[in-house]
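> Not my notes, these are from TrEMBL:
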BINDING   D:C249, D:C395, D:C453, D:C456  [4Fe-4S] cluster binding site
BINDING   D:S296, D:D358, D:D359  Mg(2+) binding site
DOMAIN    D:1-232  domain 'Glutamine amidotransferase type-2'
There are 4 protein chains.
Amino acid sequence: MLMAQSQIDGKEMLAIRGTESSGLVGSNGITKDHVDIIKGHGLVRDVITEENISRMDGNCVIIGHNRYSTAGKKKSGINCVQPFVVYTAMGTVAIAHNGELVDAKQKRKEVLHEGVGLSTDTDSELIAQMIAKAIALNVKCQYGQDIGDITRELAVTMSALNMSYSLLVMTFDRLYAIRDPFGNRPLCVGTVLSPDGNPEAFIASSESCAFPANAKFEFEVKPGEIVELSKKGIKSVWQMKPNTPLAMCIFEYVYFARNDSEIEGQQVQSVREECGKTMALEDDLEADIVGNVPDSSLSAAIGYAAQSGIIYEPVLHRNSYVGRSFIQPNDLMRQNAIKLKFGVLKKKVQNQRIVLVDDSIVRGNTMRTLVKMLKDAGAKEVHLRIASPPVKFPCFMGINIPTNLELIAAHKTIPEICEYVGADSVRYLSVDGLVSSVQKGIERVANFSPGHCTACLTGKYPVSIDL
Amino acid sequence: MLMAQSQIDGKEMLAIRGTESSGLVGSNGITKDHVDIIKGHGLVRDVITEENISRMDGNCVIIGHNRYSTAGKKKSGINCVQPFVVYTAMGTVAIAHNGELVDAKQKRKEVLHEGVGLSTDTDSELIAQMIAKAIALNVKCQYGQDIGDITRELAVTMSALNMSYSLLVMTFDRLYAIRDPFGNRPLCVGTVLSPDGNPEAFIASSESCAFPANAKFEFEVKPGEIVELSKKGIKSVWQMKPNTPLAMCIFEYVYFARNDSEIEGQQVQSVREECGKTMALEDDLEADIVGNVPDSSLSAAIGYAAQSGIIYEPVLHRNSYVGRSFIQPNDLMRQNAIKLKFGVLKKKVQNQRIVLVDDSIVRGNTMRTLVKMLKDAGAKEVHLRIASPPVKFPCFMGINIPTNLELIAAHKTIPEICEYVGADSVRYLSVDGLVSSVQKGIERVANFSPGHCTACLTGKYPVSIDL
Amino acid sequence: MLMAQSQIDGKEMLAIRGTESSGLVGSNGITKDHVDIIKGHGLVRDVITEENISRMDGNCVIIGHNRYSTAGKKKSGINCVQPFVVYTAMGTVAIAHNGELVDAKQKRKEVLHEGVGLSTDTDSELIAQMIAKAIALNVKCQYGQDIGDITRELAVTMSALNMSYSLLVMTFDRLYAIRDPFGNRPLCVGTVLSPDGNPEAFIASSESCAFPANAKFEFEVKPGEIVELSKKGIKSVWQMKPNTPLAMCIFEYVYFARNDSEIEGQQVQSVREECGKTMALEDDLEADIVGNVPDSSLSAAIGYAAQSGIIYEPVLHRNSYVGRSFIQPNDLMRQNAIKLKFGVLKKKVQNQRIVLVDDSIVRGNTMRTLVKMLKDAGAKEVHLRIASPPVKFPCFMGINIPTNLELIAAHKTIPEICEYVGADSVRYLSVDGLVSSVQKGIERVANFSPGHCTACLTGKYPVSIDL
Amino acid sequence: MLMAQSQIDGKEMLAIRGTESSGLVGSNGITKDHVDIIKGHGLVRDVITEENISRMDGNCVIIGHNRYSTAGKKKSGINCVQPFVVYTAMGTVAIAHNGELVDAKQKRKEVLHEGVGLSTDTDSELIAQMIAKAIALNVKCQYGQDIGDITRELAVTMSALNMSYSLLVMTFDRLYAIRDPFGNRPLCVGTVLSPDGNPEAFIASSESCAFPANAKFEFEVKPGEIVELSKKGIKSVWQMKPNTPLAMCIFEYVYFARNDSEIEGQQVQSVREECGKTMALEDDLEADIVGNVPDSSLSAAIGYAAQSGIIYEPVLHRNSYVGRSFIQPNDLMRQNAIKLKFGVLKKKVQNQRIVLVDDSIVRGNTMRTLVKMLKDAGAKEVHLRIASPPVKFPCFMGINIPTNLELIAAHKTIPEICEYVGADSVRYLSVDGLVSSVQKGIERVANFSPGHCTACLTGKYPVSIDL
């Protein structure tokens, strides 16, 4: 998740404290060559502590970045933790990047052959060096008065990039929120209001749920747009000429975004409920109760129940005190760990025909154990309903999907999956069902014609991929 | 939580691994003077690790104990961590105790004046020394053949005790599950079945949710009963003559028990849903949606929605990555921490009249912030409904309720609470409503006439308390 | 190491802070039933921290205990960490014990059959329960006026004990320092002086090096004596009638005591230097330089050099940054770890005949590697001289000597050891040489006829051992 | 400390394991774009663990770097931990740097204005980018056959640098050891021999003590020289034309180097003993014993004793179990910590006139407490002798000397120091005495005319410093 804040009057910025981020970089708006940095691996609460957060006091611009723990391990090492900070001829620049450059390999080669050494294999450093180069070329003529303004250099850099990126860029006194022309990753801006309704700070984030409660959601950054946030306010400073189709990642709705976020004008929770409804419409099952795998799939289960008329009943308890840190060395132990994590509400499931709703299946091991637990507890039938289509293709735009071999949908047919997990039937939401569940709401609320990337579900990529 | 297991055939016992316990004691059934011990403060996953759990391999009887993190800090120090292990004239005895002796002070004085030094101020050590004394007195005559049998000594000890206790006692080759004559704390026994349906182990626990998925719930230990678990099976070995009213703690239903546990023949989740229904019956509110404070109060909210006919909608998202470890030094920071922990589903609440259901209110700070967040996000009205009666009196039977000053219900009237939290109205479930929600189901399923301790709600204690 | 302090006027006691102890217990001199406890495994600096030491503020009596890391692992578990605290009929009593009861097994059986459950298998708990029993028997008549006085109960307990023990016992307002009638373990008392020379506190310790710099060494507790320390001062309150030979552990001089301690009137460093001199007198070696294995054996090397006339030269550097925590899984790795721990001063050893002095050899692995390193660096000859006799017999009085199989001297002859370590010759100090090196100085300074236990070197035990 | 190893035959390299380094980078000699990295703050034993060291298995070239804990905190952040790794047009290059560029500020400006963004403010990154640029310029013509050879690029880079630097540079298949033309920092190469005397690996280090025991010291890299280490052996590949005076840092002898290192042909311990002798020659004191502050100043004390004829006696014991981690909040606590760290050998110092030798005085607090402890214990006189001249001027070549205000010699005269520490007299070794103690031995063994930088003692810098 990306997060940035530009503050108006220098008061202590509580809102950003504890943002879900494992890297924070701040600047005081005066010193061009100094930034304050907090970085670390692990959960935000372990990295951004009371002790070190005070380093951010007095900073007028701050950007942060947090990698989801679901993300892959490809790029490790503490110096790969974003935001990436680079000293340039005009002062310090920090950047945070969501997405993945599909042509990173070629771009990297170009930079190296220009004589620039790279310290990491991250896209963020690549983009940072492109910006640094643009700055050095312009440095003499450009910085007459408004030294922190690098709009022109950013526009030059964007023109040399392909997809996919949402960027937050910080100079010593301002922030830039940038979205690639495909709009592949979400990015939105808002205003933090004081108790009496005056703007206190301007913020940008890849997820609106990161906005503090006293923030007003302003708008989503448009595909190909650069939006500047500074103490003067929010300003659209550049718009790339549109020549690409929209390709907003549909997987954000299915998996990454939080229920309390808004994307393309919709509450994410509502989209998930809608997916449940669509799934019920595509279905013709007779059953006694609809249950879910807590906690994530409650919305889809409620949607399914509402549409199908089958009553919703909790069937599983999730034990929050059993941590993920429990790494299990063998299959028996893993099964046991799942049994400790979930408890069956036995009295609810005895002699019932259950529609068990979940958001997705990865390897199928958890589901297999859950189905067994439900049947051991007396369930008559367990019908598995997955509120998203099967993921079958790799994503080159930044979503870290497990490799093909791990994904059960990539190497098993649905009957095979059904047999593997021991369910009485298995159905996934169709791709069309997902797209309509997502776009239906947008059409109602938004004044644009939506377009979504479904590459991981269909194999149709928005750009040609040269591996 | 108490947990014990007696195994039949010496296979590795996976089931007990990771039980929610911060103390485990095991014996191999042969060596009378040796036990294996794992103890520690903190979450089970930090205490009972893969590394040390292997110490339990080969043990035929094991008991475990886990204090809820909600429990008070009165008795700290690692040697206060249960189970309490004591070497006696007949070999090692380990005991785990739930509850609190109401006359501990007097009992302690007696033991000290008999010349026994005590190492802790715990009830468990007190009971352990009483058992050790009973064993030494009987040691010559008693142990002809069945050396691990201490039924007689336990019965002597029980007769000298008042309330409240559920005990698990372990000798080198067997277990005893014991409940005080008031039945104040729950305790149940079960059988772990192999894949082909044969008994593999016999287990006892204060909560049935601790039973592994392949366990059969057998029965609850009766008030005043001693049940023996050994490789021979489960056997009721002694029953105190009943001369006290039943006083099962009603707070277990409200707060402590897990949804997937069964108490007095009922699924705890169903009781909580019933509480929500009863609360709706006691209510006459007009509203648009019923929401809840995730995750605990979902059952009550669903019950309320079903009874009232008002639709259930998720209104808050709980961010599971923000830990409780965040200790906030001041009020502003605490508010901020709550804001990070919960996110409002803005599109769901705008212009809505919300019934916000929660299980309880402690200090009211979290609720105050949540109400403000909902209103900031556009909610028209927020009506708070608490699915339990206000706690107003101290518990001397082992439930660690915060001191009077902290409990908002102890020093504020309901209108004052309403004003403090900023809600449009506040209602609690009535004591009668709670009792009937709990007992209704028991009467339907059980063949006994239930009795519950409501002392913390009503001030009526099952025994006279001498402070 | 044992350490205790009784304070006169309630000022903050800095001196005791950080004493080498992993357990501290303090009492404020007023509350009979409360003590403050700090305990933990590991180095003192990790257990007794700035944060928790403040708990001791305001306490007028404190006792502490620290087990040397050289001590065995037999009795683990945090509740085996001394001082042992026991609540008795007269209030809290804490005891710290150095030594080992040779008849612990029999004593333990007696206590259990009196109906007392024991929580640990430590001698300290056994002694504590004996004291608690003595207190309960006397409790009515005894405590008219001077409630903290348990001299009589301690004398009763001592009469029932055999060897070996040095004890520090604390009641709520005073301390007792007690030595067994054999004088097996050292124990001394002193007075802490204020800058203007007035007594501020009275202290006792098993090693005088624990005394703060501003302390006056008063005297050693006599074998069989009870010395009371309280705000009134230091007082000898009981003396057992002498009927046993003196048997002070000679191994304290060789291994345990610190160079800056005084035992039996002597500077420990001087005894070690004397051992080096005696060893040179027993020797007839031609060599060029005397070197040592840093850091411990410098004194003996200097003594050897002075007596033999061969010049002392440093030949090895000890790298203090390589920690002991490096556990090496195989022999090659262990050799490598030793190589990292020590560096050869190559220019010093080239073409030299070296007398390499060390205090002792345990398994011989370190020595073997060091000899090889010296030879690799060009040493012509390496003659090993060990400033103590070979340890061949187990100690039952509290010194944890590695088991026979590990000790190279227990299963190899001196020529075999010489071959194993690759030296040109190996010699140990003779037992007579050690005894005379130790007793020579005592006779010069002390007004008593010394007697030492040499059981681990000679197999002659001061009492008959019933295993 | 810098450390590098080039291996011949691919066997597991045990020798480098645990080298005193908090950063290790290795390459397998085949893959041009991949290196294995282990980095961390803290002691080597915490960073380079058994667990992560196995990542280095199979690497044929490795370089490591360790900052002394005495070094300043100026450049923190994990990405400032050396070796610095940079991907260039010819593959990965890693560099480790000892020293400090006196004109870093100007060089940095040049690099930024060429359009290169910098991630840190370290000299190592600056040098790395200069190398990367040189590589990109030559990349087309150069890399016909010997792709890992960057001699020419390194020579270009050296010509653009001033002082001070010792560098280890690694390409995917070889190492370069480079010393600046002033020879300011030491650097030496050696050969690791197998048991049968064949070369196994070629190594380079800033201190020969880092060489494993089975290594042969080959030679010191000459000022201005580039030496290549590869599986083919050790080869001098370039020598800068000498046009600068030699200016080897004399402080290495006084403070940084380990006793078991060789610099300029001398055992460091011998130089320190020589300093003690020279100090005795410059002195005319009557005293009874020579003592030292353990452990570092033993060599100087032995030298002083030998030259003066006054007998050496240990007077202080250093307690190795009291860690430096004890941070003391106030002066009283700090004094107390020193008292815990050192114990006086009371019997040795009573009524004695002591020459107390130490290597240096920083703030004087430790010394002040030690003098008081010795006097409290009965010393008649304490004469302080410091085996190095007072440090009065800042170092701009990489030695982190505390700021002027902290150094007692920078703001107090010798009589004032004497009064502050409470000694009877204080003398430092003269600058001439130090220079002659250092150079005397070199002239005897080396075939070059030595030259040393004494800037921190005299204010005479080898180059003009532009701040």
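Each position is counted from 1, following the chain as shown.
Glycine is no exception: its Cβ is also placed from the backbone N, Cα and C atoms.
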> For the binding-site residues D:S296, D:D358, D:D359, which ones lie near chain B, with a CB less than 8 A from one of its CB atoms?
none
> For D:D359 (Mg(2+) binding site), which residues in the same chain are close in space, meaning a Cβ under 8 Å from its Cβ, but six or more apart along the sequence?
D:V254, D:Y255, D:R272, D:S296, D:S297, D:A300, D:I386, D:A387, D:S388
> Expressed to the nearest Å, what is the distance separating D:C395 ([4Fe-4S] cluster binding site) and D:D358 (Mg(2+) binding site) at their Cα atoms?
22
> Starting from the Cβ of D:C453 ([4Fe-4S] cluster binding site), draw a 10 Å sphere and report how many other Cβ atoms land inside it.
27
> Given the binding-site residues D:C249, D:C395, D:C456, which one has the fewest other C-beta atoms within 10 angstroms of its C-beta?
D:C395
> Could you find out if DSSP has D:C453 ([4Fe-4S] cluster binding site) as helix, strand or coil?
strand
> By a 10 A CB contact count over all chains shown, which of the binding-site residues listed here is most packed: D:S296, D:D358?
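Of the binding-site residues D:S296, D:D358, the most buried by Cβ count within 10 Å is D:D358.
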> Tell me, by DSSP, whether D:C249 ([4Fe-4S] cluster binding site) is helix, strand or coil?
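Assignment for D:C249 ([4Fe-4S] cluster binding site) reads strand.
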> Compute the average pLDDT of the predicted model within the domain 'Glutamine amidotransferase type-2' (D:1-232).
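Reported value for the domain 'Glutamine amidotransferase type-2' (D:1-232) is a mean pLDDT of 82.
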> Within 8 Å of the centroid of the Cβ atoms of D:C249, D:C395, D:C453, D:C456, which other residues of that chain place their own Cβ, given that this set defines the recorded [4Fe-4S] cluster site?
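Going along the sequence, the neighbours come out as D:N184, D:I250, D:F251, D:M397, D:I399, D:T454, D:A455.
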> To the nearest whole angstrom, what is the C-alpha distance linking D:C249 ([4Fe-4S] cluster binding site) and D:D358 (Mg(2+) binding site)?
20
> Between D:C453 ([4Fe-4S] cluster binding site) and D:D358 (Mg(2+) binding site), how far is it from one CA atom to the other, in Å?
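With the alpha carbons as reference points, the distance is 22 Å.
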> In angstrom units, rounded to an integer, how far apart are the Cα atoms of D:C456 ([4Fe-4S] cluster binding site) and D:D358 (Mg(2+) binding site)?
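A Cα-Cα distance of 19 Å.
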> According to DSSP, collapsed to three classes, what secondary structure does D:S296 (Mg(2+) binding site) have?
coil
> Enumerate the residues of the same chain, D:S296, D:D358, D:D359 excluded, that satisfy the criterion Cβ within 8 A of the mean position of the Cβ atoms of the recorded Mg(2+) site; list them in sequence order.
D:N292, D:V293, D:S297, D:A300, D:V357, D:S360, D:A387
